[in-house]
Amino acid sequence: MAKIVDIKGREVLDSRGNPTVEADVLLDNGIIGSACAPSGASTGSREALELRDGDKSRYLGKGVLKAVANINGPIRELLLGKDPSDQKALDRAMIELDGTENKAKLGANAILAVSLAAAKAAAQDQDLPLYAHIANLNGTPGQYSMPVPMMNIINGGEHADNNVDIQEFMVQPVGAKTFSDGLRMGTEIFHHLKAVLKARGLNTAVGDEGGFAPNLASNEDALGAIAEAVEKAGYKLGTDVTLALDCAASEFYEDGKYNLSGEGKSFDAEGFAEYLKGLTERFPIISIEDGLDESDWAGWKILTDKIGEKVQLVGDDLFVTNTKILKEGIEKGIGNSILIKFNQIGSLTETLEAIQMAKAAGYTAVISHRSGETEDSTIADLAVGTAAGQIKTGSLCRSDRVSKYNQLLRIEEQLGAKAVYRGRAEFRG
C-alpha cells in the first residue's frame, strides 16, 4: 500500500488572471498527483468558502497564500503517512480539521485541491485512468458514459461585459451518435455563429467561458442568432441540436423582482416563470439552470409546476452541490436536476455524495466547470466515471475550456465500444 510522503501547495493563476490553489500529493513510490481549484464569478451564497488573503497590495486582495499555507502546514501534517486510495478518510479528516460548516478555516480551495490531487495519485498508483478510479470510489465500477456537452456559445450576465441579462446560451448536440461527433457539431455551430454575428455587424469578442459576448436587443435575439447558426451549419434545431439556458437569476433579482435591464423589463416570480415558459414554447429549450433566485423557493416551485414535466430545471446557486440543501429541494419538489461543481462543496467525497443523492431521487446531475478555470481537466473524468450524462465546460475556444473536451476525446478513444453516448435520453422532460 502506497503512502503519502509529502504535500505541496502553491499559488497559480486561473483563466481570469486571478490566483488559485494548486496542490501536489507525493507518494512513497515516487508518484505525484496534481490538481487545481477553480473559481466562480456568479456564486451561491451558501457555497463553501474560497479563502482569499484580502491583502490589497497583492493581486488586488485576491491572493491565496493563506490557503497555500494551510496546505503546506496543517493539511500536510494531517495526511502524511495516509493511504491515498482511502478518499473518504482523507476528505473526512480535512473536513474535521477545518471544523466549520463552510470550510472557512482552511478554505474550500485548499481542501479541494488536495482532495483531487490525492485521487489522481491514487489512480496512478493503481494503474487506473482517473475516471475508472472515480467510478470505483462512486461504487459503480466499470459503469461509464460519455456526457452530452452543453456548449456555452453566447455569454451574458456576470460572464461578459455586455447588455445581455441571461448568463449562458448553450447548444446540446443531442442527435449525435458519439461524443466526438457531438463536439464536432458544436464546433461547427460555434464558427457559423461567429459569421452570423459578424454579418449583423456585432462584436465577436468572447467572454469568460469562450462564448461570444455581443450586445443584443433581447435574450430572444440571442436564441434567434443561435438558431440561425444551427441551420447554417446544416443541423435541425430540436432534433439534432437543442438549447439550454443558465439564467443565473440571482444576479438580476432585487427586492422581489427579476429585472432584465437589457430589455427594460421587470417581473415577479410568477411573471418570470411565465416569461421562461414562453421561451421554451418558441425555442427547443430543454434545460434551464437557476431560472429563479436561490432564495426564492416559492418561485422555484411555481417554475417547476409550470414546466418541470418537459424541461430540465437545474439548481446551481440553489443547491450549491450540498446534500443538505438538495435533500430539502427533493422533499419540496423544487427543480429536477442539480449542477455539480467541486468547489461549491470542497471535496471529491462530498461531490460524489451529491451526485448519488440526485440520481437516487430521479434528478439528473450536470457536471460543471467554473468561469475561473485552469488547465485541470478532472471534471471530464468525473463526468465519465459517474456516468452523469451531461457536462458544462464552456465554449469551443480558450484552452481552459477546450482542455476538458480534449480529455473527453482521449477517454472516448480509450473506452472504445464502452464509450456510450445517450444524447437526448440523458435529459429530464
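The backbone N, Cα and C atoms fix where each Cβ goes, glycine too.
These figures come from a predicted structure and were not determined experimentally.
Its Cβ placed at the centre, Gln167 ((2R)-2-phosphoglycerate binding site) has 30 other Cβ atoms within 10 Å. Annotation source Swiss-Prot lists (2R)-2-phosphoglycerate binding site at Gln167, Lys341, Arg370, Ser371, Lys392.
What Swiss-Prot records for Glu209 is active site, proton donor, and it gives sequence analysis as the kind of evidence. Every protein chain shown contributes to the tally, and the Cβ of Glu209 (active site, proton donor) ends up with 31 other Cβ atoms within 10 Å.
The feature Mg(2+) binding site is assigned by Swiss-Prot to Asp246, Glu289, Asp316, with sequence analysis given as support. Taking the Cβ of Asp316 (Mg(2+) binding site) as centre and 10 Å as the limit, one finds 30 other Cβ atoms among all the protein chains shown. Reduced to three states, the DSSP call for Asp316 (Mg(2+) binding site) is coil.
With a 10 A radius on its CB, Lys341 ((2R)-2-phosphoglycerate binding site) counts 25 other CB atoms from all the protein chains. The annotation active site, proton acceptor is assigned in Swiss-Prot to Lys341 on the grounds of sequence analysis.
Taking Glu209, Asp246, Glu289, Asp316 as the recorded positions under consideration, the smallest Cα distance to Gln167 ((2R)-2-phosphoglycerate binding site) is found for Asp246. Cβ neighbour count for Asp246 (Mg(2+) binding site) (all protein chains, 10 Å cutoff from its Cβ): 28. Neighbours of the Mg(2+) site: apart from Asp246, Glu289, Asp316, residues of the same chain with C-beta atoms within 8 angstroms of the site's C-beta centroid are Gln167, Glu168, Leu245, Cys247, Ala248, Ile288, Asp290, Val314, Asp317, Leu339, Ser368, Lys392. When secondary structure is read from DSSP and collapsed to three states, Lys392 ((2R)-2-phosphoglycerate binding site) falls in the strand class.
The separation of Asp246 (Mg(2+) binding site) from Glu209 (active site, proton donor), Cα to Cα, is 13 Å.
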